[in-house]
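Peer 1: Sharing a structure, written as structure tokens. Questions coming.
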Amino acid sequence: MSLNFNQKNAIELINGPCLILAGAGSGKTKVIINKIIYLINNCQYKPGNIIAVTFTNKAAHEIKVRLAKHLNLLQIKKMIISTFHSLGLEIIKKEINTLKFNSNFSLFDERDQMMLLKKICSKSIKNDTKLLKKLVFMISFWKNKFLTPLQVQLSAQSNLEKDFAFFYKQYTFHLRKSNILDFDDLICIPTSLLKNNQIIQNRWQKKISYLLVDEYQDTNNSQYELIKMLTNVNSNFTLVGDDDQSIYSWRGAKPQNLFLIKKDFPNLKIIKMEQNYRSYGRILKAANKLISNNLHYFKKKLFSNLEYGNKIKVIIGKNEKNEAEKIADKIIHECSNDIMQYKDYAILYRGNYQSQILEKTFLKKNIPYDISTNSSFFSRPEIKDLLSYLRLIVNPDDNHAFIRILNIPHRQIGLTTLNKLEELASKKNKSLFQISNDIEIKKILRERTVKKIKDFIYWIKKIIKLSLLKEDIILDKIINDIKYELWLTKILKEPKKIKTSINNIYTLSNWLKEMLRGNEFEKPMNLLQIVKKMTLRDILEKKIQINEIPKNRVQLMTLHSSKGLEFSSVFIIGMNEGILPNIKSINNDNIEEERRLTYVGMTRARKELFFTYCQTRIQYGQKLYTAPSRFLFELPQEDLQWEKDDYLDAFHTKEKKI
């Protein structure tokens, strides 16, 4: 184990609160892993009293895999190494009686949330996508500020604010009635419980001998409050973060939390990790120069003992097509001469729309590529269908699961019937499953329709009974009983799509069985726990690739998606004003986050870094002349190699006159 001076200090500082300012490529994961090992082997901490919190399941899994080389599997299983939301779920599960929730609650994802709000909102809001998205944002904002619907109603002033407050109240009522929690509840409910119940707070603080939090700069208000509730001024904990890599303010992240922790914990010790083990010196010099234009709570400057490296190239296209072709030609030249492999390259961009021209060009020039999208394995229709069946089995009051599967496959139960059921269920304050068993449905529905509903309910009850005895066969039983593969074949028609979807359902089935059995890192789980975990994973992960095998392909992804990754050669494309920084950030005077995003992209590169932009773009059918990004001029010009550009010549002429 080779550690530098600051890494060693960060690992061995155990007593009291500690903040590690870990620059890009400085080995933060290595420090987190070695600190856990040090706590157990050198300081005699019990694994069951150590909690490590990350932001993604992938990061949590990586920590477990790397710990397995040094600790035994029983020790790893005893630890809680999870995301914030999984930790919140664990607290809710343990304190379920105090919270007075039913233990078989379901979790809501974003699609469920939108579906419910469209159902309860007025036409003026549900038909206006912008307003509906604003309402979703406001509900999340209020929850993270720990504001109840009543508090929001009392402070509402405008008619829109009053409407939003009313729908927030309705939304909360529907969730509780259906025994459902949403994403924000997983942090806000346990935090509120710990705040308002000293006995429970003391118990959890006693349980946690040591807390570690990764990517601390990405915490929002409620996550920071949860950290405070799980610790006290004398607690032992380590937070690892980097204010220069805070790129998620749009989803509530507050880099100011790095400053607040110093205020709330006066005895906080700060350790800086500035040695970068990834990038050549020239890349780091440019990244340091760029980020120095931001205001900082803590000063930090990355350095490297690696070689200095070649100049950073600035490639200029006449238009978007020419920009993409120049990138493709550069990659083809280096790969055909065995200088590089396709997998050594990453193309990073601000928005997903920028990948379209690249894909078209790469296909034309036969360049193999993989594209990172925002789709999750669990958000695919066939997986959502089967998860909804499982959700209804573990929580029959889950109305949204009921609605999704009622006609999958077709049972000839129409929308009119469903509306009548919902109306009666609302009137009698029952779930759709409960009302389907009610004798009164005979008064509002035809006899033939009643029979179809009764048959469906009878079958669900049989599956529920079977699930109590044989959880491992339950998904296969559902797939076979409803003839789901046959139904997919009928609706998808295209052989390739059919094959992909059927492979996906077998992947889900195999994964379910593995989770029931447990594996080297995870304890066996029951069906209820698995359904919650899978739903939560869908919400948390932008992309999940099961059994991912590295392929010799160029990687295309957004700058946000690139965080935590590294590549030999990186292209950051679309370096134009209005794109990076994007127009919204320019108008809202939020340039600093765009600069941090560019910094993150630059520090993904190990050996080579390229910036590209184009002189003209087509927007709404109009040809527009576009200026190079201001960020290019904030870089050390002696380390850049520019292609000739008339705009740049004009810029330098103007600069000399000044």
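Here the Cβ of each residue, glycine as well, is placed from N, Cα and C on the backbone.
OK, Swiss-Prot features for this one:
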- 1-280: domain 'UvrD-like helicase ATP-binding' (DOMAIN)
- ALA22, GLY23, ALA24, GLY25, SER26, GLY27, LYS28, THR29, ARG278: ATP binding site (BINDING)
- 281-564: domain 'UvrD-like helicase C-terminal' (DOMAIN)
Peer 1: Other than ALA22, GLY23, ALA24, GLY25, SER26, GLY27, LYS28, THR29, ARG278, which residues of the same chain sit close to ATP? List them in sequence order, counting a residue when its Cβ is within 8 Å of the Cβ centroid of the site.
Peer 2: ASP242, MET273, ASN276, TYR277
Peer 1: Just checking, which of ALA22, ALA24 (binding-site residues) has the fewest C-beta atoms within 10 Å of its C-beta?
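Peer 2: Per-residue Cβ counts within 10 Å for the binding-site residues ALA22, ALA24 bottom out at ALA24.
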Peer 1: Cβ-Cβ under 8 Å from ARG278 (ATP binding site), same chain, 6 or more residues apart: which ones?
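Peer 2: Same-chain residues close to ARG278 (ATP binding site) (Cβ under 8 Å, separated by 6 or more) are ALA24, GLY25, SER304, GLU566, THR603, ARG606.
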Peer 1: Between the binding-site residues SER26, LYS28, whose Cβ has more other Cβ atoms within 10 Å than any of the rest?
Peer 2: SER26
Peer 1: Helix, strand or coil for ALA22 (ATP binding site)? Use DSSP.
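Peer 2: Its secondary structure by DSSP: strand.
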Peer 1: Tell me whether LYS28 (ATP binding site) sits in a helix, a strand or coil according to DSSP.
Peer 2: helix
Peer 1: Please report the DSSP secondary structure of ARG278 (ATP binding site), reduced to three states.
Peer 2: coil
